[in-house]
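The structure appears below as structure tokens.
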Amino acid sequence: MEDKPQGLLISPIKDGTVIDHIRAGAALTVLRMLGITGQTEEELSIATNVTSMTCGQEGKKDIVKVSNRELSKEEVDRIALISPKATINIIRDYIVAEKKGVETPKLLYGIIKCTNSGCISNANEPIKSAFEVTEAGLHCLYCDTVITTDIESHII
Ligand code: CTP
């Protein structure tokens, strides 16, 4: 059988952000978290379930490239929650100008919607939801609810 031709799956970008090593299958969630929809105008490239070699082990990953945009800390924190091994590469004039891993924050403000409908953070008050990341799960600082499962679906 012939080998597949080798080459770049998606082109390098000139300026913007490459979110690399995203958990396989999570790229579309990352886009949703960045507010990117069919209606927005970013120049985007997405690759999902790409073969990747990390630490000598073959695995799968997703990649998202967004031109002309750098991410806020809150956006990076959201990505960390669903993909702790992601790397954020800032590209300037085709060069990787900065590369950093993501870090799961200890406190999450305005990122998670509390599952308790009676929580004050769900009462249209001018406050952001507030959660502490603990070993048991995400602990709401207003009503003490602890979210333990399916964290992804509670990201605002
Ligand atoms: N990249 C890009 N456009 C550029 C430069 C880099 O899209 N102008 C992408 C690369 O394709 C890669 C990511 O940015 O997905 C990081 O680039 P680089 O650090 O050169 O790649 P690696 O060394 O493979 O990164 P890592 O060690 O983080 O796996």
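Along the chain as shown, the residues are counted starting at 1.
In case you wondered, yes, glycine gets a Cβ from its N, Cα and C as well.
Taken verbatim from TrEMBL:
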- C114, C119, C140, C143: Zn(2+) binding site (BINDING)
- 9-102: domain 'Aspartate carbamoyltransferase regulatory subunit N-terminal' (DOMAIN)
- 109-150: domain 'Aspartate carbamoyltransferase regulatory subunit C-terminal' (DOMAIN)
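Neighbouring residues of the recorded Zn(2+) site, listed in sequence order and excluding C114, C119, C140, C143, comprise T115, N116, G118, I120, S121, N122, S129, Y142, D144, T145 (Cβ within 8 Å of the Cβ centroid). According to its DSSP assignment, C140 (Zn(2+) binding site) is in a strand.
Helix, strand and coil residue tallies for the domain 'Aspartate carbamoyltransferase regulatory subunit C-terminal' (109-150), in that order: 3 helix, 13 strand, 26 coil [DSSP]. In sequence order, S121, N122, S129, F131, C140, Y142, C143, T145, I147 constitute the residues six or more apart from C114 (Zn(2+) binding site) in its chain with CB-CB distances below 8 Å. Listed binding-site residues: C119, C140; maximum Cβ neighbour count within 10 Å falls on C140. Across the domain 'Aspartate carbamoyltransferase regulatory subunit N-terminal' (9-102), mean pLDDT in this model comes to 90.
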